There are 2 protein chains.
Amino acid sequence: MTTVGILGGGQLARMLALAGAPLGVRFLVVDSLADACASQVAPLLQADWRDFDALERFAGRIDVATFDFENVPAETAQWLTEHTAVYPNPRALAVSQDRLAEKTLFREIGLGTPAFAAVDSREDLARALETIGFPAVLKTRRLGYDGKGQFRLRSAGDIDAAWAALGPAPLILEAFVPFERELSVIAVRSREGEFRAYPLTQNWHADGILSMSLAPAPDSAALADEAYALARRIAEKLDYVGTFALELFVHQGRLLGNEMAPRVHNSGHWTIEGAPCSQFENHVRAVLGLPLGDTTALGVNVMFNWIGELPESAPVLAEPRAHWHDYGKAPRAGRKVGHATLCAFTAEEMRDRLARVAWALGREDQAAPVLRALG
Amino acid sequence: MTTVGILGGGQLARMLALAGAPLGVRFLVVDSLADACASQVAPLLQADWRDFDALERFAGRIDVATFDFENVPAETAQWLTEHTAVYPNPRALAVSQDRLAEKTLFREIGLGTPAFAAVDSREDLARALETIGFPAVLKTRRLGYDGKGQFRLRSAGDIDAAWAALGPAPLILEAFVPFERELSVIAVRSREGEFRAYPLTQNWHADGILSMSLAPAPDSAALADEAYALARRIAEKLDYVGTFALELFVHQGRLLGNEMAPRVHNSGHWTIEGAPCSQFENHVRAVLGLPLGDTTALGVNVMFNWIGELPESAPVLAEPRAHWHDYGKAPRAGRKVGHATLCAFTAEEMRDRLARVAWALGREDQAAPVLRALG
């Protein structure tokens, strides 16, 4: 009997546990919330991540530790490596926790990024804007996700408001890039260094939160090999083990690095039904040293993200090859509470299915860009 | 939040809970064993099925009750209907608990069966053998499964041994039918009477226990419509709600009824990956009154049953589109401890995959009849 410990008990932990159970794997989740949604499908150890007594009990009950959230305190990740096997390793977490380190890594392995500069003071900010120009985006270097911790600067008149909103803190200023589209690579690397990637996913955000994904991304064959090679170089540089996501912008036909998530990723949820082995099962396989699974896409797949509250499920459930995922979380503005995946054999079949579901749910606006991308 | 209660906490309950969790459904399992394997993925109420105080707590915590085992005492099922919604209804359970009632129902709806006769005494047995002839099979009418409670009679010299083995108890004598093959229909009926069936599955048994399944069953198109119509008539006659299996023999090209299982069924495990909506998810949808899901087969699917103990998983995990299911049960002779499903787009691809996996596991004998059926 093998037990995987997961730091964080949200929907990613929940889907990891559901994917790992058929492999005979048991899970133990640590979360400070008694109602963490993963606790509906796996045992929960309710504890703060800095409660080292609790972590000691945790480490004693598991064979390997992993994460459902990258913002685990560095000292927690480090402590764990001294008490159990930990995948991915804390260095991979640390790099992705700091936008400056992340973008620096991207440049090192040959992935272009928007122009960026470290900002530690109001003076740094003003100086960086002279080089980078407007519009630009000021971001916290740490603890940002789903568009949180970001401020857009359109002119010098925004400097004071931006600094007031985010400073003083370690920040990064990035050039605003009017990208043509957003893609992600979901990939997995084994303990032995084997690397596999799913077909590129195209993503659309709303209010900084992922709204829709389409996989395989249309007309992406020319970019795919380069994207895989970049993802592979990052994983090798970090000696990464497990599933991760590399978010990319396409600007003037070129790939730019946006960010890396050292975990299973929202834009890879379509792999549960749209690939023979999901990103979740592959993460479990990787951290346990099992053979990696098949990452090909079966047909065309579209994911709707449900933010804040769930729509009615019946119009989705009534559709052939449509899959509903309710994370068992209470509704709250801006919260990811579920998703739905539509699968089809062809883009044409998907257009019909997607249009019908979007209409039935009153979600035509959400689905519109995906319908356009499907041609 | 909807909670489904399941009487019985074995692998069927476990797979029901794993399939229902993405729908946001919670589960509560009742089983007398503290280590019932479903308890690894859902809360367990440890209690005997005749402990009505415990059942009262159970009924108070659930919205609907269902079963992972048909041999629930009739008074338990009846008591439950007075305290909560119960699907399938106790009458469907009762019919399938009694081989005589089951075969009588088959004849009523127009499904042929092997010749049979009720046997309540040694004299009944001798008399029934005069009509039915040898070889014949004496079976307990109740509580038989996986070949348990059966005795084969080859000549009059076996009568005393057969009666000593199974009598005195309500028994049934059935003519032995040298069938060409065994098929099953896995079907689901909704609370509103909608009926859907998966493509026919061909099955092979060893020592009375399911060993291999292949779906869709090759060359079964001519039989499929008749099989679906028969399954539908049975479901309508019983006002059945949920997933069920109808096991059939093919004898001289004709379908004969073997037995009906009022629950998700081992020969439908391939639907987890081989159909857009599995028999487990469809059962959960049906008992909750949700729309039924798509029951088409995606390509060609083969299931290996693991009896007694699990083989090594790596050769299966290393194969594309191969899926491992470890039920989290301790090894024990004759016990179903897991299964593996291989999926392929074509029969030719399946032959290669199946031969390779069987060889790697040293299971050539187990896989041989399926390879022959694949042509």
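Glycine is no exception: its Cβ is also placed from the backbone N, Cα and C atoms.
Note: TrEMBL annotation is automatic and uncurated.
Summarising the annotation, TrEMBL assigns ATP binding site to A:Arg99, A:Lys139, A:144-150, A:174-177, A:Glu182, A:His205, A:258-259. Annotation source TrEMBL lists domain 'ATP-grasp' at A:103-288.
A map of TrEMBL features onto the structure.
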{"residue": "A:Arg99", "record": "ATP binding site", "DSSP (3 states)": "helix"}
{"residue": "A:Lys148", "record": "ATP binding site", "DSSP (3 states)": "coil"}
{"residue": "A:Glu174", "record": "ATP binding site", "DSSP (3 states)": "strand"}
{"residue": "A:Asn258", "record": "ATP binding site", "DSSP (3 states)": "strand"}
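All protein chains shown were included, and the count of other CB atoms within 10 Å of the CB of A:Val177 (ATP binding site) stands at 18. Contacts of A:Asn258 (ATP binding site) defined by a Cβ separation under 8 A and a same-chain sequence distance of 6+ are given as A:Thr113, A:Glu182, A:Glu247, A:Leu248, A:Phe249, in order along the sequence. Around A:Lys148 (ATP binding site), the C-beta neighbours below 8 angstroms that are at least 6 residues distant in the chain are A:Gly208.
When averaged over the domain 'ATP-grasp' (A:103-288), pLDDT in the model lands at 95. Around the Cβ of A:Glu174 (ATP binding site), a 10 Å sphere holds 21 further Cβ atoms from the protein chains shown.
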